[in-house]
Amino acid sequence: MSVFLRGGIAGGFLIRSRDTSAVITKQRRISSVGAVTGRSVNPTASIEQRATWLPGLEPPPYLDGKLAGDYGFDPLGLGEDPKSLKWYVQAELVHARFAMLGVAGILFTDLLRTTGISNLPVWYEAGATKFDFASTKTLIVVQFLLMGFAETKRYMDFVSPGSQAAEGSFFGLEEALEGLEPGYPGGPLLNPLGLAKDIKNANDWKLKEIKNGRLAMMAMLGFFVQASVTHTGPIDNLVEHLSNPWHKTIIQTLFTSAS
């Protein structure tokens with residue numbers, strides 16, 4: 001997981017809130033500068049504001065707030081190397097997108113299952129289900145081929161930005177797959193709505209995506225723990241909690257499972 005993912009896990013509700021992130025105001029006393037320059041200055045002038053994951057924390061210098069979702073969380077110094085930091089950003093972005101897809105898929109299929117609309121297995125047993133249209137081995141091979149191809153293309157674009165849109169590199173479909181920048185695909189196929197076409201000025205879109213992605217990663221972690229402890233799906237757990245909110249909580253559930 002990337003350095004920013006760790007920031008999302010450590011201060012999840014701080015990071016995903018829109019404007020409630022902790023804000024530190026650094027005040028520098030510059031009277032000494034005024035004495036040197038002979039200028040009259042305000043000795044307690046507020047210089048800048050920076051949102052951080054923990055109030056009063058001085059972020060490391062290499063996390064300057066320019067990256068989407070940067071709240072200065074890197075206690076282990078994993079992002080000191082610029083190349084490593086660049087890779088962590090891409091890794092978190094991919095994990096965030098997979099988590100968003102996973103959460104949406106789990107909730108949708110679990111809703112169909114609990115309402116009786118479709119006879120689907122609970123999400124953590126779906127991998128063991130045998131389908132009539134293809135064998136498990138066939139599905140695994142197809143998944144490896146498709147995912148391997150997509151991930152290889154993504155990695156090559158990360159190593160050499162724009163190389164995967166070069167003419168003749170993909171059966172004449174390069175224009176349909178041309179990316180905006182590494183990690184942000186474009187073209188009518190991968191960006192049919194044309195969102196954030198001006199990727200250099202799309203900081204708000206990037207921030208919204210990574211916040212939602214971090215929330216989804218936290219949700220997936222919750223699904224894993226939930227399934228391990230209760231052996232049911234998220235919709236079942238939600239219904240049980242709503243049926244008795246004061247006694248069917250995570251505290252009682254964990255206490256019961258441990259005893």
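Cβ atoms here come from the backbone N, Cα and C positions, even for glycine.
Quick look at what TrEMBL lists:
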type    : residues                                                     : note
BINDING : GLU92, HIS95, LYS208, GLU209, ASN212, ARG214, GLN226, HIS241 : chlorophyll a binding site
BINDING : ARG97, LEU177                                                : chlorophyll b binding site
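Across the residues annotated as binding chlorophyll a (GLU92, HIS95, LYS208, GLU209, ASN212, ARG214, GLN226, HIS241), the widest Cα-Cα separation comes to 32 Å.
ASN212 (chlorophyll a binding site) sits 9 Å from ARG97 (chlorophyll b binding site), counting Cα to Cα. Between the candidate binding-site residues, HIS95, ARG97, LYS208, ARG214, HIS241, the densest Cβ environment within 10 Å is the one around ARG214. When the neighbouring Cβ atoms lying within 10 Å are counted for each of the binding-site residues (GLU92, GLU209), the highest count belongs to GLU92. Most Cβ neighbours within 10 Å, among the binding-site residues ASN212, GLN226: GLN226 holds that distinction in the structure as shown.
Counting in whole angstrom, HIS241 (chlorophyll a binding site) lies 28 from ARG97 (chlorophyll b binding site) by their C-alpha atoms.
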